[in-house]
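This report refers to the structure that appears directly beneath it.
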Amino acid sequence: MALDICVKVAVGAPDVLGDCPFSQRVLLTLEEKKLPYKTHLINVSDKPQWFLDISPEGKVPVVKLDGKWVADSDVIVGLLEEKYPEPSLKTPPEFASVGSKIFGAFVTFLKSKDANDGSEKALVDELEALENHLKTHSGPFVAGEKITAVDLSLAPKLYHLEVALGHYKNWSVPESLTSVRNYAKALFSRESFENTKAKKEIVVAGWESKVNA
């Protein structure tokens, strides 16, 4: 039986998957575990009442597990791992926080209007930390040869970074960070990612209001 999941719809396109990286993280988990699912696309700017009834805070993603709607991608991914342990996507605890500061640094740099505020260097520092981790472990993924939950969390964030910074700042991950670039390619080329990614123009549109704020 298919699992029900509510995710963000694309702005201005009622039948197209939106650009929420946290929704994609859960979709990637479902795909990698080969679990059947049914998506319900939610307009987060005009939430239907039935959705607010099941998710009073109005946040996506939410997934129905054992008859109850569950919010928060961290919680959902943890419960999916417990309920459907095979194939395992469990990340070894010592690797769970690898790359965890990249998304915040990306958002700060993307919104920055001051080239000298240090936000670009802060992002590069976080990417260099990921580079060093990937180089000192046996890759291609954070925990080694096998993809795990930490990779599925990072993949959508690195995609947003690549698309949004490329569009708004003509910026890309430095060529010197070969392990990070290869890591992103490995993630983006997976069938699970192709099946769940937002179109580039939708990612660009999703960040427009924040860039121009």
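Note: Cβ is positioned from N, Cα and C throughout, glycine not excepted.
The feature S-glutathionyl cysteine is assigned by Swiss-Prot to Cys6 (among others), with experimental evidence given as support. The DSSP secondary structure for Cys6 (S-glutathionyl cysteine) is strand. Within 10 Å of the C-beta of Cys6 (S-glutathionyl cysteine) there are 23 other C-beta atoms, taking all protein chains into account.
In this structure, His160 (glutathione binding site) is part of a helix by DSSP. Taken from Swiss-Prot, the feature glutathione binding site covers Lys8, Asp19, Lys47, Val60, Ser73, His160, Trp207.
The Cβ of Lys210 (L-ascorbate binding site) has 12 neighbouring Cβ atoms from other residues within 10 Å, across all protein chains displayed. Positions annotated as L-ascorbate binding site by Swiss-Prot, on the basis of similarity to another entry: Lys8, Asp19, Lys210.
If you look up Swiss-Prot, you'll see 10-83 marked as domain 'GST N-terminal'.
Residues or ranges marked as S-glutathionyl cysteine in Swiss-Prot (evidence: experimental evidence): Cys20 (among others). Around the Cβ of Cys20 (S-glutathionyl cysteine), the number of neighbouring Cβ atoms within 10 Å comes to 23.
For Cys20, the entry in Swiss-Prot reads active site, nucleophile, with the evidence type similarity to another entry. Cys20 (S-glutathionyl cysteine) falls within neither a helix nor a strand when secondary structure is assigned with DSSP, and so counts as coil.
Packing against the motif 'Glutathione-binding' (20-25) from elsewhere in the chain are residues 5, 7-8, 60-61, 73, 77, 103, 152-153, 155-157, 159-160, 196-198: each is 6 or more residues past its ends and has a CB under 8 Å from a CB in it. Per Swiss-Prot, motif 'Glutathione-binding' is recorded for 20-25.
Summarised by DSSP class, the composition of the domain 'GST C-terminal' (84-213) is 81 helix, 2 strand, 47 coil. According to Swiss-Prot, the feature domain 'GST C-terminal' maps to 84-213.
Neighbour list (Trp207 (glutathione binding site), Cβ cut-off 8 Å, at least 6 residues apart, same chain): Leu110, His160, Ala164, Tyr168. Listed in sequence order, the residues of the same chain lying 6 or more apart from Lys47 (glutathione binding site) and placing their CB within less than 8 Å of its CB are Gly58.
Residues near Asp19 (glutathione binding site) in space but far in sequence (CB under 8 A, at least 6 apart, same chain), listed by position: Lys8, Ala10, His160, Ala198, Ile202, Val203, Ala205, Gly206.
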